[in-house]
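Copied over from Swiss-Prot:
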{"type": "TRANSMEM", "residues": "4-24", "note": "transmembrane segment"}
{"type": "TRANSMEM", "residues": "34-54", "note": "transmembrane segment"}
{"type": "BINDING", "residues": "139, 143, 222", "note": "Zn(2+) binding site"}
{"type": "ACT_SITE", "residues": "140", "note": "active site"}
{"type": "TRANSMEM", "residues": "158-178", "note": "transmembrane segment"}
{"type": "TRANSMEM", "residues": "193-213", "note": "transmembrane segment"}
């Protein structure tokens, strides 16, 4: 319910800002070109802003603390492991953070391969063997090396553009048909209240449907990150890490679309809306070598 409320508030803010932008630029919202410009502006703009803020948002959402200087042997091991794997993957050393949570989890985020972040939970460090922890870290390093954050940003931008554009095209047609009064010189948008209501409802519906697309891409990238981990540290270590995840608590995920966690929440209406494939499918993919080719 909270996510739906935030979605509606966000769209309300977008429409208000959109109106101001159109007033300042002189773009006619009733034209297809104007709608397309707006959809591209806000569809990709929101995604790239989220990407640029992803490290800050992710750290704030889990209360993570970036390690500036290792304070103990555990932090020293973590920093050395990340540094070694980053060199192997051919990326710059990411920032490394730890956050307090009982579940076994980790995530990677950041706008660029050379300005990324890897964060791990205290539950992971306490409950996983060094080999298993290495595999999880390698999974996150692979997300960075594969450019998954930018890939998902572009996908989200395309999806957002489609949702905004199609919603407003249909809303214009509905408002003109249901509330337009050309004899009185009313605008081609028709009744503005009908336009607003229809646009909001359609954005919600299309947004939910479009999330199926983004979730499919997210699951696809998880398989590739598992394969990347297997290449860095060995297939058996990654399989052992995934088997260990089966025993973990419900994971605390970073509150950012561009944060890639190792262990996605399992409760979902359908696998279509899951960010991560089921653990058994990930283990089977590693054993079959499907994504290692």
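Note: Cβ is positioned from N, Cα and C throughout, glycine not excepted.
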Cβ-Cβ under 8 Å with the transmembrane segment (158-178): same-chain residues at least 6 beyond its ends: 14, 29-30, 32, 35-36, 38-40, 42-44, 46-47, 188-192, 194-196, 198-199, 202-203, 206-207, 210, 213-214
Rounded distance in angstrom between the Cα atoms of residue 222 (Zn(2+) binding site) and residue 140 (active site): 10
Cβ neighbour count within 10 Å of residue 143 (Zn(2+) binding site): 28
Number of other Cβ atoms within 10 Å of the Cβ of residue 139 (Zn(2+) binding site) across all protein chains: 30
Around the Cβ of residue 140 (active site), the count of other Cβ atoms that are within 10 Å: 28
